[in-house]
Amino acid sequence: LHSTLFPLSAMAPLPAPTAASAFLFHAPPRGHHHHHKPKPASSSRPTTTLCSAAPSSTPSLADQLEPLSRMLLTDKPTPAADRAQRPTPEPTWVNPSRPRPTVLSLRRQRRRPAANHPSSAPLQPLLRDLRALPEDADLAPTLHAFFPLPGSPPTSSDALLLLNYLHPSWRKTLSLLSYLRALPADAGFAVDTILFNVALKSLRAARRWDEAERLALDMLDSGVPLDNITYSTLITAARRCRQFAKAVEWFERMYSPASGVLPDEVTYSAVLDVYAQLRMKEEVLALFDRARGSGWKPDHVAFAVLAKMFGEAGDYDGIQFVFKEMREVGIKPNIFVYNALLEALGKTGKPGLARNLFEEMAAEGVEPNARTLTAVAKIYGRARWGRDALQLWDQMRERKIPADSILCNTLLSMCADVGLVAEAEQLFEEMKNPDLTDVPQPDKWSYTAMINIYGSIKDADRALQLFVEMLQSGIEANIMSYTIVIQCLGKANRIRDAVEVLEAGLERGLKPDDRLCGCLLSVVALSTGEETELVLGCLEKFNGNLVKLIRMLGDNQVGTDELKDQLKAVLNAAETEVRRPYCNCLIDICQNHGLPARRPRELFRFAQGYGLYSKLHIRKDDEWLLDLRSLSVGAAKTAFDDWMAALSERVTQGQPLPQSFNVFTGSSTHKFAQGLASAFAAHLEEAAVPFRPSESQVGSFVSSRVELVPWLQTSSSSSRVVAG
């Protein structure tokens, strides 16, 4: 792999695989275990699994130990738990027989540039001198020379024109304001609120929050009154600088009776966005109700903020509330509101409603932009709507809608989700020939999307060829590209090629992350013999604890407590989203490499105690369901065997069971469920468990109590069903 990047043709033949698992997994030296002090229990509790005891008045052992199990893994910093959900309010009704209280509504009109204003003609020499000064220069000498005292002080109009002219330079703006404030009292010049507001807007444009707040506090100390524009500028400046707590603080100060001012439409929209950014849903709805009751008519910005907030929270009822309020107010969505609503419906899992909204948008004559099409492409990709995706593709080509890099990369990812390989290749070729089309050139995300497409169809040769082409074209591959290529090569049993890619990446400065470590774990599960040692040797360079855990799994002398401590250390060091995949791959390694038979169940029980498998079991009155879609093949088998053991124990104890049982493996379209249905069907046939494929749902296996209970009674002593 080092001639261009990877000399695949010059590789030595693979040695014969070694069958002895003891050679693959050497025991680590004793006495070197990591102990982590557990954190206090989290306020959120994992869902009780089906393996728990039957519901009764006395809490089960699993319920009693549940708070303790949550202490075993440390959590990454996460937002505070949401408060009690407040019901979404109905549209605000205002009595038409009584006049509405007026809300200050500013007429914000475009002003001509200060340098081109007719009154600025006498100031042109001064403006040229100020423009020539350095950015951090003191303007006082130049201003004193132009406005000699005491005879010719600047007028309020002159000061306002100069401040507007210096608006792009916040340092010169503050220097001019300091000069004006330092003028003697006998000069007859007073610095009023308007001049401070202009200076604050300059600081807002430059995103200088500390200086803006300092100037506002100086106004208060100097007795200069703060008007509506002052508060609005401060709040929007804090929002723009992502100082959301400060924005709320100044809004509360503005809304106090002592301020004597009312928010305008710009302030309301800005504060709604601030509350939404802080995930303060209750405050957003309360402020919206309060503002509507005071006569405020929400604008498009406010509705876009509400749609975005409800979309981030996955609150479909909240999105319906936005539609109702818009009809109540009589505002038709513009392109920004449509984009926010489409993105929100996509995040709430409502692709059908998103498609209807997109069609309504076209019927209303609103022209979609690149962001609109990006949102729709993501929705169709997640829903795996191949026909709708093709229609969107044809519409874009017919209407010659310009596409940016984000849209093109999203379309490529959508093609990967719905299996449109030919269409993706066509778009990618157009991106590589920008002279013939108006699409942007491919970047690292474009190449990664194409590599992902070839990886999804298990075409390792084309994926590796495109990866090498990307590097040769001068585009540096990201961590995702390396992960996809290595995973694709691993699934193709080209373990040495995968190791070559990884080593080449390390030489180029690649910094492996937790997802790449999880990918290498899956490669270890697929490897055999000395190839396993090659992968473990690479993995040990940047995650020694994970390799140590794998070797401990192969040592029959390692006890349960030692193994649990090492697993906890590995999981605590990993990101939250990769902890379950880690456990899946570790269970696969145990099963594929013939490690001690108890290890898969031990790992599954540990992970279940940590809350990583807390949503596998769903109980209904007449049906119990086991959802295996997020598990690997080995983990799914282990979870099913553990479930059968729990059911066998219930039968032995005479506890009630539902009428039917359902195991759902998915339809092999989920990225974690590829091939799971067929592998699980083979496991059921081997164990002779009376589950059969469902006739109404693909990837579902069903059984009845009449069929399952006799099998549980006769198989309770079988080695395949181990008592819990």
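Backbone N, Cα and C define each Cβ position, glycine as well.
Automatic, uncurated: that is what TrEMBL annotation is.
Positions annotated as region 'Disordered' by TrEMBL: 27-62 (among others).
What TrEMBL lists as compositional bias 'Basic residues' is 29-39.
As annotated by TrEMBL, compositional bias 'Polar residues' applies to 47-61.
Residues or ranges marked as region 'Disordered' in TrEMBL: 76-101 (among others).
Below 8 angstroms of C-beta separation, residues 156, 159-160, 163-164, 166-170, 173-174, 177, 180, 233-234, 236-238, 240-241, 243, 246, 250, 259, 261 of the same chain, each at least six residues beyond the ends of the repeat 'PPR' (192-226), sit close to that stretch. Residues or ranges marked as repeat 'PPR' by TrEMBL: 192-226 (among others).
If you look up TrEMBL, you'll see 264-298 (among others) marked as repeat 'PPR'.
The average pLDDT for the repeat 'PPR' (299-333) in the predicted structure is 82. Per TrEMBL, repeat 'PPR' is recorded for 299-333 (among others).
Counting same-chain residues at least six beyond the ends of the repeat 'PPR' (334-368), those with a Cβ under 8 angstroms from any Cβ of the stretch are 300-301, 303-305, 307-308, 310-312, 314-316, 319, 322, 326, 375-376, 378-380, 382-383, 385, 388, 401. Feature annotation from TrEMBL assigns repeat 'PPR' to 334-368 (among others).
Annotation comment: TrEMBL describes 369-403 (among others) as repeat 'PPR'.
Among the features that TrEMBL reports, repeat 'PPR' is placed at 404-438 (among others). Here the repeat 'PPR' (404-438) has, by DSSP, the following mix of helix, strand and coil residues: 26 helix, 0 strand, 9 coil.
Long-range contacts of the repeat 'PPR' (443-477) within the same chain, counting only residues at least 6 positions beyond its ends with a Cβ under 8 Å from a Cβ of the stretch, are 4-6, 8, 405, 408-409, 412-413, 415-416, 419, 421, 424-425, 428, 431, 484-485, 487-489, 491-492, 494, 497, 501, 505, 508. Sequence annotations record features per position, and here TrEMBL assigns repeat 'PPR' to 443-477 (among others).
Under DSSP, residues within the repeat 'PPR' (478-512) fall into helix, strand and coil as 26 helix, 0 strand, 9 coil. Per TrEMBL, repeat 'PPR' is recorded for 478-512 (among others).
What TrEMBL lists as domain 'Smr' is 626-709.
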Task: Cβ-Cβ under 8 Å with the repeat 'PPR' (299-333): same-chain residues at least 6 beyond its ends - done: 88-93, 265, 268-269, 272-273, 276, 279, 281, 284, 288, 339-341, 343-350, 361, 364, 366
Task: the repeat 'PPR' (299-333): DSSP-derived helix, strand, coil residue counts - done: 27 helix, 0 strand, 8 coil
